[in-house]
Amino acid sequence: MRERLLAAEKIKAIEWRDGTLHLLDQRLLPQEERWLSYDSASGVAGAIRDMVVRGAPAIGISAAYGVLLGARRRLAAGGDWRAALEEDFRVLAESRPTAVNLFWALDRMRERLARLKDGEDALVALEAEAVGIHESDREANLTMAQLGLELIRKHSGSPQALLTHCNTGALATGGFGTALGVIRAAWLEGLVDRVYADETRPWLQGARLTAWELAEEGIPVSLNADGAAAHLMKTKGITWVIVGADRITAEGDVANKIGTYQLAVVAMHHGVRFMVVAPSSTIDMSLHSGEDIPIEERDGRELLEIGGKRVAASVEAVNPVFDVTPADLIDAIVTERGVVERPNAAKMAELMSRKRLH
């Protein structure tokens with residue numbers, strides 16, 4: 001399966017080349033494919049905040065390169081560069097509050113900085129760490145694709161209908177994708193009849209990104225309004241809802257794109273299995289339950305305006321961009337360390353005690 005996934009790879013969103021971070025501007029897709037280049041930590045933080053790059057794993061990878069770029073500038077400026085670099089850590093950390101992969105990547109870079117030996121080249125060490133974070137995410141995606149595929153096949157060996165939310169493919173990760181990586185693997189094994197992609201308001205990641213990724217690979221996909229999901233589960237024989245995650249707690253509660261919680265509730269009502277696919281860097285064992293997860297709220301204009309024009313006069317908007325799905329609504333959490341079915345605190349602790357599989 002690894003070789004087949006590698007052979008099918010067509011899309012990527014992050015490149016580290018010639019000492020510069022290159023990001024595919026996801027705000028413009030699918031109408032325009034434009035790459036933007038970054039050479040500073042503040043620039044990378046802005047790209048994360050403004051959603052040039054999005055998806056928890058991709059945010060973490062970008063932040064790691066942001067630290068490297070910040071260190072290069074601070075070293076060139078002279079003086080106490082390590083103290084000055086703390087400002088770059090702060091700016092990057094504040095760019096998106098919910099995706100724990102961001103803080104995990106920053107912690108990895110800070111720990112590598114702390115391990116520098118006398119005479120060791122700081123930039124060489126930090127570059128190796130950032131590239132390692134990038135490559136390990138790609139490997140994790142391959143492992144999760146195989147594990148998720150096996151879970152689908154365990155319940156049915158026939159082609160089936162799947163539903164997904166937001167975008168969890170190559171655009172959101174270091175390669176292949178989390179939930180979309182599982183769907184890709186299932187398609188290659190003949191287990192997918194059709195994928196239903198929620199449009200995912202208000203940024204339309206499903207309409208602009210997921211539908212585009214799947215169509216690029218020839219996977220049958222139908223775009224649907226977010227509000228149509230319950231009707232589709234009732235009438236289209238959907239067997240799995242497969243989503244990603246931005247943060248998972250020690251009890252197995254999952255923060256993901258707004259609308260995920262209601263999908264899980266509806267899936268349970270209709271007897272549709274619910275799978276979450278995310279690398280172990282998304283699991284925050286310091287948080288006991290989903291109530292502890294900070295939920296980002298973005299500018300209400302994302303709802304009140306279309307194409308820069310106001311469509312709802314004289315009203316306010318509430319715009320939380322994540323919600324929390326309780327563990328008891330989840331059939332399985334798939335990570336590169338293994339699969340947790342019917343997650344709870346004990347199972348999550350056992351998962352996180354394992355060594356990585358890749």
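Each position is counted from 1, following the chain as shown.
Here the Cβ of each residue, glycine as well, is placed from N, Cα and C on the backbone.
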According to Swiss-Prot, Arg54, Gly55, Ala56, Gln205, Asn256, Lys257 bind substrate; which one of Arg17, Arg96, Arg298 is listed for that same site? Arg96
What subset of the recorded positions Gly55, Ala56, Cys166, Gln205 lies within 10 angstroms of Asp246 (active site, proton donor) at the C-alpha level? Gly55, Ala56
Measure from the CA atom of Cys166 (site 'Transition state stabilizer') to the CA atom of Arg96 (substrate binding site) and give the result in Å, rounded to a whole number. 17
Look up Gln205 (substrate binding site) in the DSSP assignment and reduce it to helix, strand or coil. helix
Three-class DSSP secondary structure - Asn256 (substrate binding site): strand
Can you grab the distance from Gln205 (substrate binding site) over to Cys166 (site 'Transition state stabilizer')? Cα atoms, rounded to a whole Å. 5
Binding-site residues Arg54, Gly55, Ala56, Asn256, Lys257 vs Cys166 (site 'Transition state stabilizer'), shortest C-alpha separation belongs to Lys257
Once DSSP output is merged into helix, strand and coil, Asp246 (active site, proton donor) belongs to coil
